[in-house]
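Note sheet for the following structure.
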Amino acid sequence: MRPSTGAFQPAACVSMPHQRLFIALDPSAGTIDALRRVATPLAAQPWPHARWMPRDQWHATVRFLGATPEDGVPYWMRMLESLAGLAAERGPLGIIGAALWPSPARPRVLVVTAKPEDWAQAMASRAEALARDAGYRPETRPFQPHITLARLGGASASPACVAALETAAHALHGAAMRFDSLSLFASRTPPDGPWFERLATVRLSGG
């Protein structure tokens, strides 16, 4: 039986073309500008195999969905409106700092993290419930809002890079992230590196 939300079952559509989808918050122009001022000196450091994300690709993932059949795309487009409604009373997300994930010894991404305030946590929880109803694999990791500034090759960062990261973290102290829309993205993987295409966007009211 299909869920009452009208969701599809991705596992039942294995023969259909798939897209790698995720739902994410789009940072405001002011947030992008603040992060740009931090990212510019960081990018001047000798990070091994770094690929810096273009500013128009910056986002804070709410729920990564992964492989989704084509007939699931309209469903998630409809769900954006429902999810966006949870942000009507939103405030900014206080920035925690800059970090190397999963560890400084073998970093794969350089991120700026933020506190999961109630409205953002509610949105992530609702997206998780919708995904589980639709048959997606449960997400077991706790929700941690973040914006990825760069993808790294996994090699240990030099002392100069670590020092630059500490400077960036200090510069971000007391700052916050603000968001003005929610988007459904598809991840594209051409030979020159992955990029993200916005399939649908809903403006957030209030805030």
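Positions of Cβ are set from backbone N, Cα and C atoms, glycine also.
Feature annotation from TrEMBL assigns active site, proton donor to HIS59. Listed in sequence order, ALA24, LEU25, ASP26, PRO27, ILE147, SER183, PHE185, PHE196 are the same-chain residues at least 6 apart in sequence whose CB falls under 8 Å from the CB of HIS59 (active site, proton donor). In the three-state DSSP reading, HIS59 (active site, proton donor) counts as coil.
Under the heading active site, proton acceptor, TrEMBL lists HIS146. Following the DSSP three-state reduction, the secondary structure of HIS146 (active site, proton acceptor) is strand.
Residues or ranges marked as domain 'Phosphoesterase HXTX' by TrEMBL: 26-110 (among others).
Feature annotation from TrEMBL assigns domain 'Phosphoesterase HXTX' to 117-195 (among others). Across the domain 'Phosphoesterase HXTX' (117-195), DSSP assigns 29 helix, 19 strand, 31 coil.
The feature motif 'HXTX 1' is assigned by TrEMBL to 59-62.
Packing against the motif 'HXTX 2' (146-149) from elsewhere in the chain are residues 27, 35, 38-39, 42, 52-53, 58-61, 98, 109-114, 177: each is 6 or more residues past its ends and has a CB under 8 Å from a CB in it. The motif 'HXTX 2' annotation in TrEMBL covers 146-149.
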Across every protein chain in view, the count of C-beta atoms other than its own within 10 A of the C-beta of HIS146 (active site, proton acceptor) is 21
